[in-house]
């Protein structure tokens, strides 16, 4: 208790020093009422925001002097009543912006303005936003109206709005933790593999300094749920037990939304093991909530006890702080975080950690792709500083060369045409996030030029995930952005795509004699509607299944891919039935969201600055070892391929 009181006193002193600087630099007519840390930001509450806004450089100057991210918010006393404020906003903003919703958050003095053309709400050089602030006093926050309505995005916004008071209290606690005075000068850094080392699944990496503990990813291996020791990260690691027991974990950072990287997050809240901040990009927050909900629904439908409850996912939402690419934030007294594009799925990020005052810099790639795809730009390879690189090795084997993307697309269309010609159906199992949208873009283009004339059905979470993609066009590839913004055409909205609403529609598609293309989750045939399609379509030789993504060991997808022709499966009444696989089985690996062997080696060649050390993870044992050996031989860089529970001292 004495320790905590001491730290609180230290933060109060830091804030007193900051107030002295702010009071000196900010004009008195701004009428400052409160200054407080909220998350990684310093928030200044004022009665007259326009006194600060009229000087466009003041906030920048303050940030430089204080070396903090600054936000200015209106004092609650000066806020115009919501009804009057809403009327004024509609008068100020051009009708062409097409505002679809306005919502007020009194606890932080923000007004959320949802518009189809957010740029017009912002105005040239932010002029319209400043005018809104001057007239209504509320701090405007502008978001894009998704062209496809997403229930996930709507529910997240509702939660953040209704829980705003608790969230403000939470952010203040986080801020005080971040800006506490360090007890120690940073002298050493260690990383420990809690999952995803020499394996694919349950990724979890613990970064430790003598001041801080930060966890990067916390996933679940859905293919191993019958064996918790292989499915979950290593809760049994002594240092991790200690960190959780003592409440010392400063932050969790999520690289992307796939369950093997974020699937265990709500579990921590269910059992009160963590109450701190989660950092990720806005699309990742939305997508991981979608996939976590889908995960427990599939568990329930399979008669299993879900790992966590919807209210635990709600806690994840309340504790998540989003960052866009390139934004630098302090997340503990000695660790600064920046997220960079990883090119794997929407919102996926390479985590860059700047530790100490230039002591050490780590980049953790998560899953990444180093060539441009239809959906995304290639992964970032330039960092301000870099000593240690932790990189994935999913396709790190010497022979893991994927076919060129153009050839993969040609092969996909060829298999589809051959299947349709003989009156069959094409099943493409795909992760709801990433591969599904990549394949959709290929099929949309070919359909537009008359190459495909059969319906394309989207089942599982794919349609909702696609709706989230439409809400974040700024995260998509340059070509897609040009199509959407300059050409006024959004390929995600094409009429060729038909979402499957329920099990009855699904059965009608299966029973129909008409050819069709079906894209369904999950991508590895582990739960979800893709399993039901497979059961009923597999016996017919007219049909085809096309795998376009990695099939992990232990999954039904891996069994089918490896050529097993008779597969025992549990039916609806709990009886085991043998499914005969007479359908054609194809694997087209050119659509993978993972870098292949050439891309991995090319990334090492081009990453700047060149790291002193590379650690290979997220791959089968031999692939991690093979990649590490090859990097050392070719580039002379020190490499390691550690096991789970190994700890490596970086400094």
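Here the Cβ of each residue, glycine as well, is placed from N, Cα and C on the backbone.
Here Swiss-Prot flags 256, 258, 344, 367 as Zn(2+) 1 binding site. For residue 256 (Zn(2+) 1 binding site), other Cβ atoms within 10 Å of its Cβ number 28.
Cβ-based neighbour count (10 Å, all protein chains) for residue 261 (Zn(2+) 2 binding site) stands at 30. Among the features that Swiss-Prot reports, Zn(2+) 2 binding site is placed at 260, 261, 367, 618, with the record citing experimental evidence.
Swiss-Prot lists 1-200 with the feature region 'Archaeal CPSF-KH domain'. When averaged over the region 'Archaeal CPSF-KH domain' (1-200), pLDDT in the model lands at 88.
The region 'KHa' annotation in Swiss-Prot covers 12-79 and is backed by sequence analysis.
The region 'KHb' annotation in Swiss-Prot covers 80-147 and rests on sequence analysis.
The region 'Metallo-beta-lactamase N-terminus' feature in Swiss-Prot is assigned to 188-398; the stated evidence is sequence analysis.
Residues annotated as region 'Beta-Casp' in Swiss-Prot, with sequence analysis given as evidence: 399-592.
The region 'Metallo-beta-lactamase C-terminus' feature in Swiss-Prot is assigned to 593-651.
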Q: Within 10 Å of the Cβ of residue 258 (Zn(2+) 1 binding site), how many other Cβ atoms can you find? Include all protein chains, please.
A: 28
Q | Sequence-distant neighbours of residue 367 (Zn(2+) 1 binding site) in its chain (C-beta under 8 A, six or more apart) | A | 255, 256, 258, 261, 342, 344, 345, 348, 392, 394, 593, 594, 618
Q | Nonlocal residues around residue 260 (Zn(2+) 2 binding site), in sequence order (Cβ under 8 Å, 6 or more apart) | A | 196, 200, 201, 202, 203, 219, 220, 221, 222
Q: Indicate whether residue 258 (Zn(2+) 1 binding site) is helix, strand or coil by DSSP.
A: coil
Q: Starting from the Cβ centroid of 256, 258, 344, 367, the recorded Zn(2+) 1 site, name every other residue in that chain with its Cβ within 8 Å, sequence order please.
A: 255, 257, 261, 342, 345, 348, 366, 368, 434, 593
Q.
Other residues near the Zn(2+) 2 site, CB within 8 A of the CB centroid of 260, 261, 367, 618?
A. 196, 200, 201, 203, 217, 219, 255, 256, 258, 366, 392
Q: State the count of C-beta atoms found within 10 angstroms of the C-beta of residue 344 (Zn(2+) 1 binding site), not counting that atom itself.
A: 30
